[in-house]
C-alpha cells in the first residue's frame, strides 16, 4: 500500500517512542560533549586565550614587571613595520622560502618516482633518505655546521684539494643562507618523499599500462600519467612546505645566529629577540601577528592560484 | 694527687671541653645542613673553566653547600636573568659586571648589600682596588661586591716577533702607539702570517676602547647612544683599514678569537686578559703587554666582575647566608681566580709574588687609564646589536658611517 | 582506507628483471644514500677523536686514538645542560605529550565525525581555522601565562601547549569518517551507548591512525625547539634540542664534545627508526593522505 502523503519519520513514531528518541539524541549530544571537552579545554586554554591575549598585548605598552599596561593603539605595529631590521628579516625569510621550496619539491619527487619502482634494497634507500627527519633541528644544524667548517670540515678541505678556494660561508651572507637551505633540504626531503610515495601508490597501475600500450616511454608516462594524478599530493606538499618555511628559526639560530651581519636573520628570530632578548614583549607580540597576517595572506593567495581542478 | 684536687681539675677541664664543644656545635648549626645554591654567570671563555675548578674546591671544603653553576654567553645570560627574576626563578648568586646595574635596578631585580652583609663578608673598602669597590654602588646603594678587574691587552706571538726582528733585550718590541702598531703589523705580515687578527666575533669591546682613545663616548648624559659620532666613525674606519687598506689582517670574519691567535699564524691580538689561560694551556710562547694607544689619549678598556644577589620571590635567609659564605670564600681565594687571566680586586693579593709572576700582572701599570663600560640602561641593547653592525662593515655591506648610524638608530628606537 | 604497502604494489608490477637501467639506478641510489648519511657519519667519527686529531689537517676520517672522553664530558658536564638529564626530560615530555594527544584528539575526532550534537559544525570550523594560526602568535602570551602560574621550568609548561594543535583532531576525524557504519549501528541496536560504541567498536578499528598520530606527535614533540627555549631557563629542565644548542654555545671550539652530544641526541631515535622503520614511514604517509 503506497502512502498518499509524505510522512515524516518522526510523525510516524508514537509519542512514547518519540520521547525515547529524544532521550537517545540527548545522550548522544552529552557523550559528544564529554568526548570533546578535554580537547576543547586544551584548545581554549593554550590556543584561543593566548592568541587573544597576544593580540591585546600588541596594542599596549606592556613590560615585564609593570602592573598596568596602557593602550597604545597601533604604535607597536608602527614600530615593527618601520624597523629596518624587521624588513631585513622579511627579505631573508622570503629568500629562504624561494630557495628551499623548489628543492624540497623536486628532489623528494624525483626520489619518490625512482623508489616507486621494484628495485632491490628499496626499503633501505627509503629509510636512508628519511632518516634525517627523525633528528632534531639542533642535531641537523650541528651536523652541517661542522661538515661545512671552513677550517676543519671535509667539504672545504676537499674543495681546496681540488684547487677551488671557496669563501667561508660564515662570513658570506649568500653562502650562509645557502648552507642553511642545504641543511634544511637534507633534513626534510625524506618526509616529502614519503608523502609523494604515498601519492604515487594511489595511481592505478592500469593507467601506466594504457599509456605504455599507446607507445609512451617512461618520461612520457611521467608527464601524462604521474604528474597530473599526483596533483593533490603535490599541492598538499607545496602548501605545508611553504607555511613551514615561513616559520624557519631553529636551524638559522644554531648555525648562523642570524649572521653574518643580519644576513640570515629570519622573522621568527626577530620575534624571539624582540620579545625575549630585548624584552620588548608587546612589540614582539605585534611582530608575531604581522607574521600571521603575512602567512594568511600568502596562503589565501596560494589557494586561489593553485586550487583549480582536482579531478581524478 | 689528693682525690679532691683531682676531681676539681677533672671537673674544670670537662666543663671547659664541654663548653668548647657546645660553642662549636652552635656555630655549625649556623651553617644550614645541605642546601643548594644556583650560581649563574657568563664566563663561557677559558676563564670559565678556572671558575669550575674553584667551585669544585669550594664544595669539597663545604660539604653542606652544593653549588649548581650555570654558564651562558653574556647576552643569553642577561635575557635569562631579566626573565627569571620577575618569574621568581632567580639564581641565588650571580656574577656580572658593573654596567648592568641601571637596567637591572630598573626592573627591580637586585637586592642591596647591607652593612650587616658586608660585615659577614668581612669586606672593607681599604682591602679593594678603588675602581672595583666603587663599581658596586649605583645611586648611592650597594648592589654588588667585587671579585676582579679585567682589562684589554695586547697579546704578542713571540716566535713571530723574533723572526720579524721585533725583539730587543730578550723582550718583544711592543708597539705603544698607532704608528708603531701599523709598522709592526706590516713587518709581521708575510707568507701566510698576519700582523693582527682583529677579533670581530664578540661585542666590539676593542672598538669601544678605540672610541674612548679617540675622545668619543658611547652614550651621552641622557643615556642615548652616540655611536655615530665622528670619533666613532674614525675608530671603526681604522679597524676596517687594517684589512682593506693595510692588508695586515685576514679576510673575512674571524670565527673565534682564541682559535685565531692559537693557530700561531697571527702576530698580535687585541683582546681581554681572559684568553690567557687558553694560550697557556696550548703551550704557546707569548707575552702580554698593555694595549697600545691608537689615538690621541690613553684609555684602556676594563671591567670588573662583581657578585650580585638577585631578588627572590621567597627570600630564604639560610640561602642568602650560604651565598655570602660562598662569595667570601671565592674572594679570599681570588689568587686562584687569577689563573683565569684576571686581576684580583683585593689589593693585598695583587702585591704577592704569586700574582706578580702572572702574565697579566703587567697590566696593573695601566691602573689610572682603566675605562669601564658606561652604566646606562641601554648598554645591554648595544651589546646585543654591535656584533651584527661590525659584521656589516667587515663584509663590505656598509661603510663604517652607515653601519654605525643604523646601529645608533636601532639603539635609540629600543624602548627600554 | 589506503595503506602504504610496498610489497603488494610490487607484486602488481611486472616480474623483477634486473635490467641495465635497474642496476644503474641501484648504484646511483646507493651512492646518493651513502652521501646522504655521510654528515651523520662525520659527527659520529668526530665524537670519538681526541681534540688534537680533530683540528689536524689533512682530514682523516677514522680516529687514530679513539677516546670516550668527549662523551663523558657531554653527558656529565655541569657547566651547561648535561645531555643525560636533557635526554630524560625529552623522554618524559615526548611520551606525555604523545599519550595525552592521542587521548584528547581521538575522543574529539570521534565526536566530530560520528556524533550529532548542536554546535558541531561550529566546533569543527573553529578547530580547522586554527590550523592556519602559526604557534608563534602564542609564544609571548603563553610565556606570560605560565610565568604568572609559576609554571616556568616545569614539565607541564613543556607538555601542555602542544595539546591545542588541531592537526591530530583533523586526522582522527578523517579516519573515523571512513569507518563503515554497520558495526556501530549493530552495536547501537544491541543497546550500546555512544561511549561504549566509541571504546568497543570504533577505537580498535583506527589503530593504524593511532600509530600514525602517535609517531608524528612523538617526533614533533621530541624535536621541538622554540617553545622549550623560551619556557626553560634552568639547565636541569631543558629538553634535548635546547640543551644541545647550549652545549654548542658553551664548548664552541671543543668540537669533540659538541659532536658527542649531538651523537647521543641522535642515536636513540635512529635506533628506534631502524627497528620500526616500516611502521614509522607508513604512519607518516598516513598523515598526508586525504581520503
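Glycine is treated like the rest: Cβ placed from N, Cα and C.
As recorded in TrEMBL:
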TRANSMEM  C:21-45  transmembrane segment
TRANSMEM  C:86-110  transmembrane segment
DOMAIN    C:87-276  domain 'ABC transmembrane type-1'
TRANSMEM  C:122-146  transmembrane segment
TRANSMEM  C:158-176  transmembrane segment
TRANSMEM  C:197-219  transmembrane segment
TRANSMEM  C:255-276  transmembrane segment
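Tallying C-beta pairs under 8 angstroms between the transmembrane segment (C:197-219) and each of C:21-45, C:86-110, C:122-146, C:158-176, C:255-276 places C:86-110 first. Panel annotation: around the transmembrane segment (C:255-276), residues 40, 43-44, 46-47, 49-51, 54-55, 67, 69-71, 73-75, 77, 83, 86-87, 219, 222, 240-241, 243-244, 247-248 of the same chain, lying at least six beyond its termini, place a Cβ under 8 Å from a Cβ of the stretch.
Long-range neighbours of the transmembrane segment (C:21-45) within the same chain, counting only residues 6 or more positions beyond its ends whose Cβ lies under 8 Å from a Cβ of the stretch, are 61-63, 259, 262-263, 266, 270. Here the transmembrane segment (C:86-110) has Cβ contacts under 8 Å with residues 127, 155, 158-159, 162-163, 165, 168-176, 198, 202-203, 206, 210, 213-214, 217-218, 221-222, 228, 236-244, 264-265, 268 of the same chain, all six or more residues outside its ends.
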